Amino acid sequence: MGWFKYMYKRILLKLSGEGLANKEKNLAIDYKLVEDIAKQLKEVVKKGIEVAIVVGGGNFWRGTSAEKNGIPRNRADYIGMLATVMNGLALKSGFEKEGLVARVYSSLNLDPKVAENYINEKATKNLENNEIVIFAGGTGRPYFTTDTAATLFASEIGADAIIMGKNGVNGVYSDDPKKNKDAKKFDTITYDEVLNMNLQIMDLTAISMAKENKIELIVFDITEKNSIYNSILGKINHTKVVN
């Protein structure tokens, strides 16, 4: 798997909110991890690759338990969207500390002092200027996951690939490798195969959108050293999902 095969022009990195936390130190955001991500992305940008990010909010808010506590689903989802804005601002600060230029665009209408309202043309121009664009607020509508937001924004900005880091899992398997030691890992798999086998790498809406817009998906273990940088260059154990 050579250098040029994985030298994408524009990528979208999907980061989970939970992945930003440090549970051992009881930190919602591990700033050492943010610093590490920033250093990797600095090297990616030096290669001429344009970087956008969609970040989740699971380190601040888990909507799954909201309904049983009397919070309706749509309101719980909006709380989650606000959590992604907090993460986006934290990432921006960490990136700027490493000398990167970063913008936070929100799908929700917020005060411009907090985050810019998303306009596709502006975001695209930022990417062309080697600025990192962070998309926060999910899709701006309830009942959609941040995976769907990732494929939506990847489609809108014309990303070549979505780079999706998983915690402790280095690709797509036929079954949960943490529960089934005989699970088979795929080096390459098609979106149709993912759908037919009902593999839970993203929700169905996200998978269908990525397939329709011919966006490749790279799944890798984000806990490995320099994993983001190496995944983009094909230098790490991963799975590539294609049409």
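Numbers here mean position along the shown chain, with the first residue as 1.
Glycine residues also receive a Cβ, built from the backbone N, Cα and C atoms like all the rest.
Swiss-Prot annotates ASP77, THR139, GLY140, ARG141, PRO142, TYR143, PHE144, THR145, THR146 as UMP-binding residues; of GLY57, GLY94, GLY158, GLY165, the candidate listed for that same site is GLY57. Remark: TYR143 (UMP binding site) has ARG73, ASN74, ASP77 as non-local neighbours, by Cβ distance under 8 Å and separation of at least 6 in sequence. All protein chains included, THR145 (UMP binding site) registers 18 other Cβ atoms within 10 Å of its own Cβ. A C-beta separation below 8 Å, combined with a sequence spacing of at least six in one chain, links GLY57 (UMP binding site) to GLY17, GLY80, MET81, LEU82, ALA83, THR84, MET86, ASN87, THR146. In this structure the C-alpha atoms belonging to THR139 (UMP binding site) and LYS14 (ATP binding site) are separated by 14 Å.
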